[in-house]
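Chemist: For 19-39, 53-73, 91-111, 139-159, 164-184, 195-213, 227-247, 257-277, 281-301, 304-324, 352-372, 373-393, the entry in Swiss-Prot reads transmembrane segment.
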Amino acid sequence: MSESVRTNTSIWSKGMLSVIVAQFLSAFGDNALLFATLALLKAQFYPDWSQPVLQMVFVGAYILFAPFVGQIADSFAKGRVMMVANGLKLAGAAGICLGVNPFVGYTLVGIGAAAYSPAKYGILGELTTGDKLVKANGLMEASTIAAILLGSVAGGVLADWHVIAALVACALAYAGAVAANLFIPKLVAARPGQSWRLSAMTRSFFSACVVLWRNGETRFSLVGTGLFWGAGVTLRFLLVLWVPVALGITDNATPTYLNAMVAVGIVVGAGAAAKLVTLETVSRCMPAGILIGVVVAIFSLQHALLPAYALLLLIGMLGGFFVVPLNALLQERGKKSVGAGNAIAVQNLGENSAMLLMLGLYSLAVLVGVPAVAIGIGFGVLFALAIAALWIWQRRQASY
């Protein structure tokens with residue numbers, strides 16, 4: 001490791017700021033590209049059920065490459081891994097701009113995102129240490145939330161003006177992320193010299209899966225975070241379908257504004273969880289998870305914009321309070337058992353598998369003609385029941 005990295009572990013170091021800027025631009029591009037590509041599908045008269053399929057090809061890339069991306073992140077300098085991953089995202093977005101099938105281009109973006117995730121979190125521990133690492137994670141999450149808010153809104157607003165302009169803006173964001181990655185110090189690979197045989201890599205990954213699943217706390221965390229993020233991405237697409245039906249608004253911007261309210265709420269809920277929940281009292285977050293489903297069902301019955309905003313803000317607050325303690329639990333327990341990189345890769349597999357399942361069920365419901373309001377109510381009720389079942393299961397496991 002270079003001397004500059006050894007001595008400068010400040011969260012305001014050049015390397016750390018480069019990581020944060022790259023993360024913001026990359027996440028901005030991800031969120032803007034989703035809504036810009038959805039607008040492109042609408043403009044090209046794709047059926048409604050194809051919208052969640054777009055996200056399914058994205059998360060499918062995460063699942064397919066899950067056994068390998070953790071080792072890739074640990075075998076090379078993580079800053080360079082992030083740069084190559086953002087380059088793949090840039091190629092996918094540029095391809096969509098140039099007329100490549102949007103599903104093909106978005107799959108390439110998904111491959112880049114899969115490779116990017118373990119590297120972006122793993123590099124924080126190489127650039128700083130101790131209490132500063134907690135603050136660095138906070139900066140990373142803050143930049144991500146800001147990118148979700150601004151990227152989602154920018155994608156929808158620009159798409160209402162000009163779809164191709166929105167897609168070009170996404171490509172430029174990814175290009176900026178690649179440029180920012182160039183300023184990250186070239187760190188020594190964490191675990192060089194590992195076997196690149198597919199069978200060995202796959203065995204190593206699934207061995208980590210088994211270790212985490214056999215531990216009651218990490219299993220509880222994996223299921224909880226998987227349910228949450230699966231529900232979260234499904235809600236995004238439900239809003240795109242629900243807004244014109246319930247509110248009579250047909251633009252591309254309104255669903256992005258509503259999604260932004262959820263992101264704002266997550267920030268508030270995450271702050272509350274940091275103050276009120278510890279690793280020893282993680283079960284305090286479970287009532288919030290049940291209430292997410294209840295509020296989603298109530299939200300689905302609304303016909304005015306103001307209560308819709310308020311309820312989505314509440315959903316976000318409940319979500320932040322629910323998921324942050326579960327993430328912390330998995331990171332802490334996983335670091336001690338299989339390593340942080342493997343724990344993140346396994347969590348990504350679980351979350352994206354849940355997304356794929358929920359999006360598949362949602363696509364099927366849309367395909368057979370279930371009304372958007374009915375989908376929302378059923379979705380909320382099922383989510384509340386699933387979290388309640390998880391809570392009961394966790395309490396029984398703890399009593400043994």
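Using N, Cα and C of the backbone, Cβ positions are placed for all residues, glycine too.
Have a look at these and tell me how they're positioned relative to everything else.
Modeler: Under 8 Å from some Cβ of the transmembrane segment (19-39) lie the Cβ atoms of residues 51, 54-55, 79, 82, 86, 89, 93, 96, 102, 105-106, 109, 113, 116, 120, 123-124, 127, 139-140, 143-144, 146-148, 150-152, 154-156, 158-160, 163, 166-167, 169-171, 173-174, 176-177, 180-181, 184, 236, 240, 252, 255-256, all in the same chain and six or more residues away from its ends.
Residues 34, 37-38, 41, 81, 102-103, 106-107, 109-111, 113-115, 117-119, 122, 190-191, 194, 198, 201-202, 204-206, 233, 236-237, 341-342, 344-346, 348-349, 352-353, 355-356, 359-360, 363 of the same chain lie 6 or more positions beyond the ends of the transmembrane segment (53-73) yet place their CB under 8 Å from a CB of it.
Non-local neighbours of the transmembrane segment (91-111) in the same chain are 29-30, 33, 37, 40-41, 53-54, 57-62, 65, 164, 167-168, 170-171, 174; each lies 6+ residues outside the stretch with a CB under 8 Å from one of its CB atoms.
Packing against the transmembrane segment (139-159) from elsewhere in the chain are residues 11, 16, 19-21, 23-36, 38-40, 120-121, 124, 165-166, 169-170, 173, 251-257, 259-260, 263-264, 266-267, 270: each is 6 or more residues past its ends and has a CB under 8 Å from a CB in it.
Non-local neighbours of the transmembrane segment (195-213) in the same chain are 66-68, 70-71, 219, 222, 330, 334, 337-339, 342-343, 345-346, 349; each lies 6+ residues outside the stretch with a CB under 8 Å from one of its CB atoms.
Tertiary proximity for the transmembrane segment (227-247) is limited to same-chain residues at least six positions away from its ends with a CB under 8 Å from its CB atoms, namely 34, 38, 48, 51-52, 55, 59, 254-255, 258-259, 262, 289, 292-293, 296, 300, 302-305, 308, 315, 319, 322-323, 326, 351, 354-355, 357-359, 362, 366, 371-373, 375-376, 379, 383, 386-387, 390.
With a cut-off of 8 Å between Cβ atoms, the residues of this chain six or more beyond the transmembrane segment (281-301) that come close are 217, 220-221, 224, 227-228, 231, 235, 242, 246, 269, 273, 308, 311-312, 314-315, 318-319, 321-326, 329, 372-373, 375-377, 379-388, 390-391, 394-395.
Long-range contacts of the transmembrane segment (304-324) within its own chain (CB-CB distance under 8 A, at least 6 residues past either end) are made by residues 224-225, 228-229, 232, 235, 246-247, 249, 254, 257-259, 261-274, 276-277, 285-286, 288-289, 291-292, 295-296, 298.
Distant neighbours of the transmembrane segment (352-372): 48-49, 52-53, 55-56, 59-60, 62-63, 66, 226-227, 229-231, 233-234, 237-238, 241-242, 245-246, 300, 378-379; these residues of the same chain sit at least 6 beyond its ends, with a Cβ under 8 Å from one of its Cβ atoms.
Within the chain, the transmembrane segment (373-393) has long-range Cβ neighbours (under 8 A, six or more residues past its boundaries) at 220, 223-224, 227, 231, 234-235, 238, 241-242, 245-246, 283, 286, 289-301, 362, 365-366.
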Chemist: For the transmembrane segment (164-184), could you work out the same-chain residues 6 or more beyond its ends whose Cβ comes under 8 Å from its Cβ atoms?
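Modeler: Apart from its flanks, the transmembrane segment (164-184) reaches 14-15, 18-19, 21-23, 25-26, 28-29, 32-33, 35-37, 39-40, 78-80, 82-83, 86-87, 89-90, 93-94, 96-97, 123, 151, 154-155, 158.
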